[in-house]
Every structure is written in structure tokens, then in C-alpha cells.
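For 1-26, the entry in TrEMBL reads signal peptide. Taken from TrEMBL, the feature domain 'Glucose-methanol-choline oxidoreductase N-terminal' covers 119-142, 279-293. Taken from TrEMBL, the feature FAD binding site applies to V121, V234, W454, H455, G483, P494, Q495.
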Amino acid sequence: MDLSWCRFVGALVVAILLCLQGFCYSEQAPNYSFVHDSTSAPNISYYDYIIIGGGTAGCPLAATLSQNYSVLLIERGGSPYGNPNITNLANFGASLSDNTPTSPAQPFISEDGVYNSRARVLGGGSCLNAGFYTRASVDYVNNAGWDGNLVNQSYQWVEKLVAFEPPMRQWQSAVRDGLLEVGVTPYNGFTYDHIIGTKVGGTIFDRDGHRHTAADLLEYANPKGLTVLLNATVHQILFRTKGKAKPTAHGVIFSDSLGIKHRAQLNKGSKNEIILSAGALGSPQLLMLSGVGPAEHLRSHNITVLVDQPMVGQGMSDNPMNAIYIPSPLDVEVSLIQVVGITPVGSYIEAASGANFGSPAGMQSFGMFEPQTGELFTVRSDQSNPGMAKFFEAMKPADRVFRGGFILEKVLGPSSTGHLELRNKNPHDNPSVRFNYFQDPEDLRRCAEVMTIWHYHGGNQVGKVVDNDYKVLGVDALRVIDGSTFQYSPGTNPQATVMMLGRYMGVKIANDRVKSDGSS
């Protein structure tokens, strides 16, 4: 494909308009006997594994390790269950618009000036995103050094509970046909696999419009082996240094929703570990707060340097997104990402529709594409085509209600990277992060205008902060397992791979432990 982005989108818009001619679900919370509010936690408790972050990686990881070991999963947010803004597809965008202190989405603005959000809820980003489910490419898996058979088994384990084939209604069908018409071929049908061409991918929304999240993977857990604490914020990872070749993690300090401090410690045993799964912002932030990071930066915040690790917080990346609004003379059904066009040049074309992207009525906060965020793209009318110009003029919404849909482009990579630093020592506050959008000219070549697609990653990358087993370099009994370890965002959406990684590493850790015990 040698069309520029603008020419390509123009052709695609026309194709979709030519092809294009209008739920609610109240979820019952699962009976998770092991989930508790942090205020009920004892002053001190002991476990084989302590996982910090009950998100997209932390939930499958905890469920897996709980089969044979005692596991504590600490989540700083609340439960997704019973919240219609999370569970109902028709309410998508409402959680991202909610900037209250208890919102499942905690907003932040990068030093680049781009409005963004990070998850603060059990299930993590899978509770907030547009639901698209797709595996990483074979090349991505090979480059990561993962075992292909275990990767496939881990994806399948996830998919049994949270992945579905989406219903193909008017908008997504028009997008599919439009992509094929402008040459994004071949047509690969419905598949979870990452393949060049046009495909229908998976979704974590079922046919009733009910979202299934990483929190649902806790259904696999052994209730006797798992404790989940909600509304618990970890302040610091504790290390022992006396008599140790390297600092050894042995516990954490966390506060409950009332601000009361608690301590959780590892049981005795050389194989027990603490695992950071707090995400691309939370994991490097907590490493720094615990004394592992760039020495000069830590000292500037009066943090005792445990390990001078200058690469913590480096390699931060966020995939830029282009977006075009396509108005419709009639109401269009609500649909999120289902069809994707994967091009050979590193651009991924997706689409969504329906009036669910602005702020809910009565709310003063920001929606996904609200003008207040500075991220609202303009409707591009082709003035050289009187028919199209007249159509776009007629579609200008007088009441500011979105009626139509969006075409979105995710940029591969990206090649540009930035860094993360602490603003202060308060773990409740967001760190400072700069993504350096388009610093690398290769990214600029691919993309014309920018907003986030919420796929930021990096900060604790493999080979720089952690080894190939995700163990933190320079310390013992501590790993990082989440998107902060990624060099690149996998595929068109990373959530399937992050969930897979939680399961994959849970199995690998358990298997390696059994082998080690058997040989000792």
C-alpha cells in the first residue's frame, strides 16, 4: 500500500459511507469469597507470593499461582462488578470521563501535553478499554523468547472465559467492506491471530453487550490459596540486606482506604517472591519509591538508594493514534473495535460507532474525544466534491451528540521513547511521564496528528531492568510481570498478550519451582 494516510482515509470514508445504510446488561458479581476490602486486613500477614496490582496481568498470575501456593493480590482500586459504566458496552466512555477520586480510571496528562488515563480497578485496563482481543504476532512471540506451545495454551486459557466472536452489524460490516474495497487484503475472517489483511477480531464483550475482564479470570483461582485486597495502595517494597549477596525483597507496606498502614510479608522459603504487576506507570514508580532506580533522581526525593538502576523509568512509549469522525444522517448502533485492517507498513486501522464517546449527560468531565482534552480531531470535508461537502455540512450535529462513527489508526511501535520520574513520594499521585511522541522521524512518517490509544508501555524493559525470567536485576525475590517490560506494544491491542503473560509466567514460575524442589 503506497497511499498516504490522508488519501487512504478519504477513500475508506467514502467506501464506508457507501456501504453504511441502532443494550444494557446488569451483571451479577461472582461469589469471590477471597475478595476483601483492605480495611479488614490484619496488621501483618504472611504469604508465599505477594502480587502488587490486580490488573490485566496480576489477576491471571494470581489465579494460577494460587493453585499450589498462598497468594496475596493487592489492588489499589475497587471492584468492577456492579458498575454499569464498566460492565455495559453502551456506557463505554463513561468511566474514562469520570475523574472523581474513586473512579476506576485515574487521569493524567503526560509532559507532552496529551490527556491520558490509567486503570484503578480490579481487572485493570480490561475494565476500561474498547474490548478488542487479538493475539501477538508469531514474530513478536519469537522475539520475546517465549515458549510457543505455552503461549498458545495460555492464550486459550484466557479465551475460555473472556474472549468472544463479536456480532457483525451495519457499521462494522461497512468498515470491513470498506477496508477490502481500498485494498487491505486478504480477508481473513474471524480470528484471534495477528495477520496482514482485514479481519474480524475477538472482543471481551459478549453478545449481550456485557464486558468480561481480567477479574473474571479469578474464577480459575483456588479460593483457599488466594486473598485479594481492594482499595489497598502499596507504599514501599521492603528488602533485607544483612547477610545477603543482593538486597532481597521480603514484604510490602500498604495503606487501606482509611489511611491505616499494614504490612504483608513473605513466608520463609527461598522460592517465595514479590511480583510487581502495577502497570507501565505503577511498577517503575514503586521500584523507585522502594529505592531501586536512578540514584541521583532518588536522592533528589530523599529516597535511600538500594540499587542504582538508571534504566528504571526509561523506554516509556505510547502508540499514537489518528482518528477521523464519520457523521451519519441516522443513529448508528454502538460498536467498539471489532474489525481491523493490518497493513504491511505498520499501520493498524480500526473503527467504532455510536453515541458513547462523549461525556454522559450532566457530567462536567472529559469524554474520550471531548474538545476540552485538546484531542478532538476535525471533520475533514472534501470541498472539491460538492456531494460530499453537502453531506458533511448536513451532518454537523447541532446538539453536539455524536451520530456516526470513527476510524482509528494505531501506529506500530512506536520507535520514539521517553521516560518516567517521580513527582513526589506519595504513591497515590501519578508520576511524571514523557513519551516523546514523534521524536523518531520514522514515527512522524507514519502519522500526521496525535492522540493516545492508551497502549503505553515500557519503564521496566527486559534486558535493562528485568532479565528474561522477569526478575529484577540487582535484587532477589522480586519480579515485574506486566506491560512495563515490553519493548513494543503487541499487535493491534495488547490486552490479550498481557493476560496471556500473567498466565504464562504463573505456569512457568510454578513449574520451575517444582523442578527445583525435585532436584534439591
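Keep in mind that glycine also has a Cβ here, set from the backbone N, Cα and C atoms.
Note that TrEMBL annotation is computational and uncurated.
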If you count the other Cβ atoms within 10 Å of each Cβ, which of the binding-site residues V121, V234 comes out on top?
V121
List nothing but the one residue from G483, P494 whose Cβ has the fewest other Cβ atoms within 10 Å; the candidates are the binding-site residues.
P494
Would you count the other C-beta atoms found within 10 angstroms of the C-beta of Q495 (FAD binding site) for me?
28
Quick one: mean pLDDT on the domain 'Glucose-methanol-choline oxidoreductase N-terminal' (119-142)?
92
Can you tell me how the residues of the domain 'Glucose-methanol-choline oxidoreductase N-terminal' (119-142) break down into helix, strand and coil by DSSP?
9 helix, 4 strand, 11 coil
Could you tell me how many residues in the domain 'Glucose-methanol-choline oxidoreductase N-terminal' (279-293) are helical, how many are strand and how many are coil under DSSP?
11 helix, 2 strand, 2 coil
